[in-house]
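Peer 1: Mind looking over this structure? Questions follow.
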Amino acid sequence: MGCAASSDSPQHASFEQHKQQYFRSELNTWSQQQTHSQMNTQQQTHSQQNTQQEQQPSLNKLPTPIKEVAKDPVLYSDGATRFDIGQGEVGTCWFMAMVANIADKPRLLQRVIPSDAYKIGSDDYDGIFHCRFWRFGVWNDTYIDDFLPIVHETNIAGAHSATDPNEMWVALLEKAFAKLYGSYVEITEGLTADSYLNLTGGVAERIDFTEKKMSPKRLFQRLYNAFQCPTTMVGCNCPDKNDGKRGLVGGHAYSINGAFIVGEAKLLRLRNPWGNGEWNGPWSDRSPKWKTAPLDCVPHPSKDDGEFYMDINDFLRYFDDCTICNLTPDFDRDGFPDMLNYVTCIYGNWRDGKNGGSEQRTKNPCYSVTLGDKAMDDEGKVALVVQIVQRTLESRNDITEVRCDLFKVLGKNDHCVSLELLGDKSNIYMGNVQNTYRFHIEPGSYIAIPATLEAGYEKEFLLRCFTAAPVSNPQYVSY
C-alpha cells in the first residue's frame, strides 16, 4: 500500500543536495532549545493534559564531534533492542517510548534507519547520519551531522544508549527527529500516536480510560491479541496525579511490549524510556508474588532497566490511556489488525471559499468515494476507516480542531443535494495531528467532508481511506 505525493509534498533528496546545508544549520538545532526554555522547566507529554516531569538541558556547550563523545563510537553495538533507549534530559518520552518499541522490530527499524545510515569506522565515513521519517504521506529523508550536544563535559544531553556508551543510534535518531521539526524544543511534548505515525506511517488508536469505565478483561484481551501481530506497538500515559506513586512518573509516556497470563493474573510488561525508574507494587521486580508463580512463566526482570510488569487492574488504576498502533486499522477493536490493505490518499486544503467550518459543512472541501461489493461481510456491508492528517511541516504545534464526516447522498438536483450523516454524530472536533473514524456501511457512493471547527481557517490536510478492496473514482465535488 502507498500514497502518491502531491506536487508540493516533500521529496526525497540526494545526499549531495543536503550535505552542506545540514552542516551549516545543525549547530542551531540545539541552541534554539536554550532560547526557548530554562533549566527545570516542566514539559508536557500531552499538550492539553499532562506535565512532563523532566528537566530541560543545562550546562551545555557547543555540539561536540561524536569521536570526542565516545571512545569507539558505532551505530549499533550488538543490534538494536528496546533496552538501548535512555531518554536523557529532553522531554521526548512520547517519541522514545515508540522508538523502544520499534527497536525490537528489525524490518520496521531498517525502514527508518537504512543499512547505509552511518558509516562510522569505515573508509567512507563522512560525518553524516541519514534516516527516514513518514510525514504527510511521504517518507522523508533526513540528514544530520554527528555533532552531539553534551552536558557536564562528556555526557550526551539528549537521548542516548542505556546499554553501551559507544552506541550512537539512539542519540542520532533523536537529533534527526529534532531536525525534522526544526529544534529540540519542537519535540519536547507530543502524543505517542504521532510518533508512531512518523516512524511507520501506520494507524494509531488512543483508548481513554477516563471517558467510560473500562473492563479489565476486555482491555487485556484486546492487548493480548494485539501482541500476536509482530508489527503492533503500544504506548501509555501515567497522569500527573499519580506522580511518585509506587515508583511511577506522572505526566510521562511508557511503552507496553507484552501481555502475559500468569496463573490467575493478567500482566502487562511496560518500560520507562528513561531506562530506569520502575513500578514497585505487585508483580514488580522484587515482588513476593513471583515466588508463587510457575517457573519460567515469563521472562522475569531482575534489574533496574526501566522494565516491569503490572497487573491489568493496577494498570487501569494508575494509567489513564493506552494507544494501540498497527500498520493497518483494527476495525472491530478486537486487537487484531484487519485486512484493510488498500489505502486511498487524498490531498486537499481549506482555503478562502472552502473553509466554512462546522456551521456550513458543505462549504468545505467535499470528496466523493465509491465502495464496491468485493469485500462485503455477512451483513452485506463493507468496512471503511478514514484518517485525517493535518500538515505540520512548519511546526508540530500548527494544528487546529478538525473532524471528517461521511455522508450518504440521498438525492440531488440542480439546486440542492440531500445528505445523510453517518457514523459518529457527536460533532466533536479534535485538535490532534491525526484523527481516525470507522464506518460500517453498504456498498455505494459517499461524500467525505473534512472540516475545521472555526470557519476561515486555511490549512492543508491528507485524507487516508483504508479499505479491504480498492475505492472507485475518488474525486473532488462541489455543492
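Backbone N, Cα and C define each Cβ position, glycine as well.
Copied straight from TrEMBL:
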type	residues	note
REGION	1-62	region 'Disordered'
COMPBIAS	1-31	compositional bias 'Polar residues'
COMPBIAS	32-56	compositional bias 'Low complexity'
DOMAIN	68-328	domain 'Calpain catalytic'
ACT_SITE	Cys93	active site
ACT_SITE	His252	active site
ACT_SITE	Asn272	active site
Peer 1: Only counting partners 6 or more residues apart, tell me which same-chain residues put their Cβ under 8 Å from the Cβ of Asn272 (active site).
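Peer 2: When sequence neighbours closer than 6 are ignored, Asn272 (active site) has Val249, His252, Tyr254, Glu278, Gly306, Glu307 within Cβ distance under 8 Å.
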Peer 1: Across the domain 'Calpain catalytic' (68-328), what is the average pLDDT of the model, as a whole number?
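Peer 2: When the pLDDT values over the domain 'Calpain catalytic' (68-328) are averaged, the result is 94.
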Peer 1: Over all shown protein chains, what is the count of other CB atoms within 10 A of the CB belonging to Cys93 (active site)?
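Peer 2: Summing over all protein chains shown, Cys93 (active site) has 32 other Cβ atoms within 10 Å.
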Peer 1: Look up His252 (active site) in the DSSP assignment and reduce it to helix, strand or coil.
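Peer 2: Note: His252 (active site) is in a strand by DSSP.
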Peer 1: Give the three-state DSSP assignment (helix, strand or coil) for Asn272 (active site).
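Peer 2: Once the DSSP labels are grouped into three classes, Asn272 (active site) ends up as coil.
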